[in-house]
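Record features, source TrEMBL:
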- 1-24: signal peptide (SIGNAL)
- 413: active site (ACT_SITE)
- 465: active site (ACT_SITE)
- 474: active site (ACT_SITE)
- 528-608: domain 'Carbohydrate binding' (DOMAIN)
């Protein structure tokens, strides 16, 4: 992670608000696969035989040795080679939460096993980093020496000192977040690996006790972290967060009582937030406690839990723009909080909106906002709009997921991907030599960092694809982690969900199923289903324009070819189809639609939906 002030010059971009997006249908399943794959590029330690990111090699093999402990493994947080414990733990917590909520959807697309592997790579490291009940190693390496060099992880010559917290040098926020990660992961492995699950829960118990008994901010003990991951929010939010996850993992009344008895004094019922991420956990706590309330588990703490829920709903209302204080958004509709790595807040907020939408649906409730009621599907639509923006539905028509779509960042601020693979050329890359040879290189990276979510655009949807523009082009693990759950949810369509039932984590043994679009109003006997929906609107020069999304699904048992569509009452531009005479066919990048698959086209005009009919087709 690069966190220094730098002025980045960008040519002004003219935003054409009347026709703001260059669009095509999104394959959420592919995006999910890519997102999980990114974590394999971030691995430190001895890489496993089933490593899919083959341009990476073993690295950090002596981590912890100078401290007399084995700290080999874990994740590099972003584009550097430091292992920062606080964001790593948050990353594992959010990956676990994604699996807990949407594991069955991941299994249906064949990705659950990969997601669980990603969680275990982190928790295996946390077990090593917690060698004693009241000792936790929270960082290996330091940002100052690391950022002075531009080297592959395989070539590191930088300081690899390990830093820990203990009773005399406490870190309740770090220990609390790691306890949350271990507790959440214990749920993930409860069925597939019960012994490992119990081991994780045992560590979580100890870490929570450590965090609660010896209170203090971790960056006062591990001072080298202050410049990069300063704990601005303190540690009360992490203590509540850990208690919530321990209750969900153990059903132990002690942790429910902790939430009830400390909600007021620790800010759980007091803080009204519009930010959720590796530092500020309050909206996550409030969302989990609201879930416990909806499940009827609050008991004598009902009144306190209702206050938690009010704060959770404050966050949700701010996201959809109907609260008393709303989240800022770019002209293109993206949540915007800060220039440096803004995407972290986008994915985390979208995840909370997704799960809360399903919680509300399960409890047959609606969201009460200052500007009116919000139906659950409106929350989910908000989350989908943010994901679609990330994947390319934005004024620049840029995908901010590397390797997804046709226009994604080429100058990613990432050491390993920007330098030739060690397997291809093992010649040593020196500390400063890497800057001279590889950092300043204007060509695209030699190794594709598939699935990485970069920092993203500024407040006006502008983006400079330059390697030295770390605020916008550097990826991070905690950008991706919340996205796993959202993508799994969106990829599964709009079937019924009951997220308030007892947690039963799916095992990764389900064969992949084809992605099916939402139900179409077309007759069930038709081999082709077409559905349309309005996705956004805006006013320009007194005229209201609407953006419509149309989904075409092959419901037959054969491959669909030679599709011809007749579209009438269309008064604006259309994307995602090829016009031939008076009809429309497949876009130029595909020539058929496999069984069960869908494609999307979009159009913009100032009228009701156009009439879309199938003129002709062939089934191969």
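Residue 1 is the first one shown; counting continues down the chain.
Cβ coordinates come from backbone N, Cα and C, glycine included.
The domain 'Carbohydrate binding' (528-608) scores a mean pLDDT of 84 in the predicted structure. Taking the C-alpha positions, the distance from residue 474 (active site) to residue 465 (active site) comes to 10 Å. By the criterion of other Cβ atoms within 10 Å of the residue's own Cβ, the least surrounded of the active-site residues 413, 465, 474 is 465. Rounded to the nearest whole angstrom, the C-alpha distance between residue 413 (active site) and residue 465 (active site) is 9. Residue counts for the domain 'Carbohydrate binding' (528-608) under DSSP (helix as H, G, I; strand as E, B; rest coil) come to 0 helix, 52 strand, 29 coil.
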